[in-house]
Every structure is written in C-alpha cells, then in structure tokens.
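The structure under discussion appears below in the form of structure tokens.
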Amino acid sequence: MAPQDVLTALRDKNPLVHCITNYVAMNIAANVVLAAGASPAMVHAPEEIADFTPICGALTINIGTLSTPWQASMMNAATLASAHKIPWVLDPVAHFISDYRKRAAQDLLALRPTIVRGNASEILALAGEAGAGKGADAGDSVDAAQGAAKALAAASGAVIAITGPVDFVTDGAQEAHVSGGAPLMSQITALGCSQTALMGAYAASGSAFDAALGALAHFKVAGTAASKLAHGPGSFQMHFLDALAATQPDDLAKAIL
Ligand SMILES: Nc1ncnc2c1ncn2[C@@H]1O[C@H](COP(=O)(O)OP(=O)(O)O)[C@@H](O)[C@H]1O
Ligand SMILES: Cc1ncsc1CCOP(=O)(O)O
Ligand SMILES: [Mg+2]
C-alpha cells in the first residue's frame with residue numbers, strides 16, 4: 001500500500017489511536033491526530049490498559065515525562081499490542097539523559113515496536129552510538145544517524161524513522177528521505193511527539209514502512225503550507241493544524257525523495 005493509499009484508508013477508517021504520551025504533548029498530539037482524520041485517546045492509568053489497548057487500531061508510547069506508574073502502563077500496553085498484533089510506535093524522547101530512562105527505552109524496544117520515531121540524537125543513542133543530544137532536542141544531523149537507523153532496524157525488526165530538516169526512514173531493506181517543512185517546526189514543542197502519534201494513526205491504516213513514510217510526508221507537506229502563512233511559532237501552530245486537515249493523499253508524493 002503506497003503512502004497516499006494509507007492516508008485514504010486512515011480517513012475512511014478514522015482509527016482509534018491509544019496514545020501514552022507526555023504532559024507537554026498531550027494537547028497538540030491529540031489535535032494533530034484529529035486534524036489528520038483519526039481518533040486519539042490519551043489513556044495512561046495502569047488500571048485501564050488491559051481494557052483499552054486491545055480495542056485500538058494502534059498504540060503509541062512516548063517517554064517524554066516518564067514516571068514509574070506510566071512505565072508500568074507502557075510495558076503492559078506494548079505487551080498487549082504485540083500479543084494482539086496491534087501496531088505500535090515508540091518515541092524514545094531524550095532516553096539518554098538518565099540510566100532510568102535509558103533502561104526504560106531499551107525495555108520497550110525489547111517488546112518489538114512496529115516503528116521507532118526519534119530525532120537524530122535519540123536514534124544514535126538507541127543504537128548505542130555517541131551523540132550530542134540536548135534534552136528533548138537533537139544535537140546531531142540526520143545524515144550522521146542514518147547508519148545507526150539501519151543497524152537498529154536490522155537488530156530490532158522495527159521501521160526506524162529519524163526526523164529533522166530532511167527525514168529518513170528505513171526498515172533495513174527499503175529506505176527513503178522526506179523533505180519540506182520549515183525550521184519553525186523545531187521551535188514548537190512536542191511536534192516530534194505529535195508526529196509519533198500521527199504515525200500510530202497511519203500504522204493502524206497500512207503497512208509499517210509506508211505508514212511511517214506517509215506520516216513523515218504529511219507533516220512536511222503541511223509544514224510547508226503553514227510556513228507560507230505563519231508569522232512566527234504561534235501562528236505556525238494554528239496554520240499547521242489547518243494544513244494537516246487540508247492535505248490530500250496525492251499531495252504526499254511531493255515530499256518523498
Ligand atoms: N529545520 C527543519 N526544517 C524542516 N522541518 C523540520 C526541521 N526541524 C524539524 N522539522 C520537522 O519537525 C517535526 C519534528 O521533528 P524533530 O524536531 O526532529 O523532532 P523532535 O521534536 O522529536 O526533536 C518533523 O516533522 C520534522 O520533519
Ligand atoms: C520539552 C519536553 N520535555 C519533556 S517531554 C518534552 C516535549 C518534547 O517534544 P518533542 O520531542 O516533540 O520536541
Ligand atoms: Mg522528540
């Protein structure tokens with residue numbers, strides 16, 4: 001299924017996407033998923049996971065504001081998703097900042113996510129390589145992390161997506177670059193987290209590699225459109241949501257190299 005067909009299927013199905021994300025991303029990620037045409041639900045309580053994860057089209061897990069009870073929910077949800085063959089996406093936000101977070105990311109990776117999405121520094125560190133990440137922000141180029149992404153795809157079985165000025169995605173066999181968007185995108189917090197949530201919606205609607213590629217292209221196309229109307233980060237965010245909703249399946253090819 002080509003990326004544009006995944007977007008068509010997403011809008012037909014309006015899939016329910018279980019998002020375990022961070023406090024910062026909660027609102028914008030839900031709005032991004034809604035604007036694109038899917039149905040987000042932010043559900044974190046350990047007591048609710050067994051009931052909720054199995055009825056969703058996809059699961060996304062983001063460790064941006066990790067704590068012990070949420071970690072238990074993440075591990076349980078990922079285990080259930082894999083058991084029910086529900087695709088799930090891991091966003092290892094700033095996992096290199098502490099031993100606690102590093103271990104949490106590796107424990108989740110061992111549960112075999114369908115897709116891992118991170119910035120270049122996060123992907124480098126997840127593959128065991130040195131990087132220059134600064135908290136949640138990247139300090140490395142996408143180019144520098146491409147080898148790590150390929151190695152990680154081979155070792156984990158996941159599709160690996162690196163975002164940045166030009167995105168890169170690989171499943172170990174296929175690979176693609178995605179261009180467009182605007183530097184303003186890195187000035188709005190939790191846009192990467194929102195990309196991860198949208199990737200869940202795409203993964204509920206098509207195969208893993210094309211889902212990741214489609215979600216990356218959707219952001220780039222909408223980012224380019226929004227940057228033509230925006231006067232700064234605040235108005236960019238407003239125009240970006242409008243542009244996500246306005247993006248049509250055939251537009252995605254413009255961003256895919
Ligand atoms: N300089 C840039 N030019 C164009 N798009 C960008 C740029 N920086 C980031 N993006 C886009 O912003 C979104 C968030 O990516 P990124 O900032 O890498 O994630 P994170 O917030 O996890 O660090 C992605 O869609 C990415 O393609
Ligand atoms: C600022 C911040 N602090 C903890 S999580 C978070 C949001 C990070 O979002 P993103 O990875 O999309 O930039
Ligand atoms: Mg991030």
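Note: Cβ is positioned from N, Cα and C throughout, glycine not excepted.
What TrEMBL says about this protein:
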type    : residues       : note
BINDING : MET42, ALA190  : substrate binding site
BINDING : ARG117, THR163 : ATP binding site
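THR163 (ATP binding site): 27 other CB atoms within 10 A of its CB, across all protein chains. For ligand 1, the nearby binding-site residues are THR163; that is, of MET42, ARG117, THR163, ALA190, these have a C-beta under 6 Å from one of its atoms.
Checking the binding-site residues MET42, ARG117, THR163 for a CB within less than 6 Å of any atom of ligand 2 leaves no residue at all. All chains included, 17 other C-beta atoms sit within 10 angstroms of the C-beta of MET42 (substrate binding site).
Taking a C-beta cut-off of under 8 angstroms and a sequence separation of 6 or more, ALA190 (substrate binding site) has the following same-chain neighbours: ASN22, VAL24, ALA25, ILE28, ALA29, GLY64. Note: the CA-CA distance between ARG117 (ATP binding site) and MET42 (substrate binding site) rounds to 18 Å. Of the recorded residues, THR163 (ATP binding site) and MET42 (substrate binding site) place their C-alpha atoms 23 Å from one another.
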